[in-house]
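*Asks:* From Swiss-Prot, for reference:
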MOD_RES   Lys4  N6,N6,N6-trimethyllysine
BINDING   Asn113, Thr163, Lys167, Arg285, His317, Ser369  substrate binding site
ACT_SITE  Lys165  active site, proton acceptor
MOD_RES   Lys191  N6-carboxylysine
BINDING   Lys191, Asp193, Glu194  Mg(2+) binding site
ACT_SITE  His284  active site, proton acceptor
SITE      Lys324  site 'Transition state stabilizer'
Amino acid sequence: VGFKAGVKDYKLTYYTPDYQTKATDILAAFRVTPQPGVPPEEAGAAVAAESSTGTWTTVWTDGLTSLDRYKGRCYHIEPVAGEENQYIAYVAYPLDLFEEGSVTNMFTSIVGNVFGFKALRALRLEDLRIPPAYSKTFQGPPHGIQVERDKLNKYGRPLLGCTIKPKLGLSAKNYGRAVYECLRGGLDFTKDDENVNSQPFMRWRDRFLFCAEAIYKAQAETGEIKGHYLNATAGTCEEMTKRAVFARELGVPIVMHDYLTGGFTANTSLAHYCRDNGLLLHIHRAMHAVIDRQKNHGIHFRVLAKALRMSGGDHIHSGTVVGKLEGERDITLGFVDLLREEYIEKDRSRGIYFSQDWVSLPGVLPVASGGIHVWHMPALTEIFGDDSVLQFGGGTLGHPWGNRPGAVANRVALEACVQARNEGRDLAREGNEIIPVASKW
């Protein structure tokens with residue numbers, strides 16, 4: 001018959017160390033921890049097989065297609081320095097395996113099934129190389145960094161934000177008042193917390209109205225463009241779109257979405273709506289630590305960040321390096337560059353396993369948020385540079401005199417740090433002197 005049934009080792013078909021990767025391949029770097037007795041080549045090949053064309057046995061229908069054309073290939077394996085029984089397995093996927101413009105489909109293929117695999121003790125997706133041929137099928141961020149600056153008329157400094165606290169329990173009117181005080185004091189943006197959607201104590205429509213009122217009042221009094229990230233995340237895509245439409249009708253500049261809990265399909269729909277209707281889109285990464293916190297299992301945040309740039313968002317939370325949530329400096333700056341820059345060189349010391357060419361896909365502003373305050377300002381200005389959003393929740397509202405003085409303090413500290421930097425002073429060394437001097441006037 002010509003068909004030979006039976007179970008074969010994956011590595012016979014899917015481990016191909018002599019394979020030359022193509023410019024159109026999607027490349028993945030997996031951190032593989034095989035079960036005892038499973039050779040790393042077999043583990044790497046198993047990942048390649050199960051995330052592409054393979055199954056546990058040879059099947060009759062394999063003969064009806066060209067496996068060589070469609071199969072994923074594990075083309076290189078290296079041990080992880082300093083770790084026992086951990087390997088980086090590099091896998092190449094032919095572009096034809098993926099639907100155009102669908103982050104959902106890309107993830108379903110690459111990480112959909114392999115993580116429960118018996119032969120592996122643990123598996124982590126460390127990085128993806130997205131070829132231009134694939135990234136060009138995505139719209140990407142609704143507007144990007146330059147267009148956002150032009151819309152807001154704010155240049156040469158990071159933007160300032162603040163998450164309104166207490167995150168749950170305020171009425172819409174009181175919430176709007178808190179927004180107004182922060183914006184009036186000098187912040188560029190205020191923010192709905194990620195879990196503020198439409199609860200019994202504050203329905204979304206009421207919140208949108210009072211926040212819009214606060215924005216327009218603060219704009220009129222300061223002469224600056226202001227915004228509040230109105231969280232459009234909802235239980236259905238239709239409801240989410242309804243909220244975004246209402247925000248557009250109010251004439252506000254920006255809405256917000258929780259892209260991991262909301263899902264990539266919803267996020268991409270919202271990003272398309274935002275581009276078509278001139279809304280900026282702020283992205284919160286609620287649930288990311290469930291996926292990315294374990295060092296040897298899950299998906300590294302740099303992959304989730306790349307996926308967001310493809311799906312679409314103008315801001316995304318990216319850790320602080322200095323605040324209350326964890327993040328190592330070089331690694332964080334690695335994916336901050338992946339969000340902002342057009343071309344990023346491979347650099348293993350920053351966790352970047354592949355050179356990434358975004359071919360003019362718009363950039364995303366990284367948002368530093370979580371446990372930061374005025375005294376972190378010199379470090380944040382130096383680490384993140386101008387193209388970022390610095391978000392102080394408790395660091396604004398926790399000011400002993402209240403919201404507006406807290407906002408003033410943040411704006412003064414930021415302007416002082418930017419000026420000092422532009423004058424050539426060393427923020428890391430002199431930061432603690434710059435801020436008290438600025439606060440005197």
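Quick reminder: no glycine exception, Cβ is built from N, Cα and C everywhere.
Context for these features, please: burial, neighbours, distances.
*Replies:* Annotation for Lys4 (N6,N6,N6-trimethyllysine): same-chain Cβ neighbours under 8 Å, separated by at least 6 residues, are Thr58.
Counting every protein chain shown, the number of other Cβ atoms lying within 10 Å of the Cβ of Arg285 (substrate binding site) is 24.
The secondary structure of Lys165 (active site, proton acceptor), as reduced to three states from DSSP, is coil rather than helix or strand.
Counting only same-chain residues at least 6 apart in sequence, those with a Cβ under 8 Å from the Cβ of Lys191 (N6-carboxylysine) are Gly161, Cys162, Thr163, Ile164, His228, Tyr229, Met256, His282, Gln391, Gly393.
Following the DSSP three-state reduction, the secondary structure of Lys191 (N6-carboxylysine) is strand.
All chains included, 28 other C-beta atoms sit within 10 angstroms of the C-beta of His284 (active site, proton acceptor).
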*Asks:* Per DSSP, to which secondary structure element type does His284 (active site, proton acceptor) belong, with helix, strand and coil as the options?
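*Replies:* His284 (active site, proton acceptor) sits in a strand per DSSP.
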*Asks:* Pick the one among the binding-site residues Asp193, Glu194 whose Cβ has the fewest other Cβ atoms within 10 Å in this structure.
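*Replies:* Checked Asp193, Glu194; of these binding-site residues, fewest Cβ neighbours within 10 Å: Asp193.
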*Asks:* Which number gives the other C-beta atoms within 10 angstroms of the C-beta of Ser369 (substrate binding site), all protein chains shown included?
*Replies:* 26
*Asks:* Reported as an integer number of Å, what is the Cα distance between Arg285 (substrate binding site) and Glu194 (Mg(2+) binding site)?
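*Replies:* For Arg285 (substrate binding site) versus Glu194 (Mg(2+) binding site), the Cα atoms are 8 Å apart.
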*Asks:* Go through Lys165, Lys167, His317, our recorded positions, and report the one whose Cβ sees the most other Cβ atoms within 10 Å.
*Replies:* His317
*Asks:* In the structure shown, which of the binding-site residues Asn113, Thr163 has the fewest other Cβ atoms within 10 Å?
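*Replies:* Among the binding-site residues Asn113, Thr163, the lowest count of other Cβ atoms within 10 Å belongs to Asn113.
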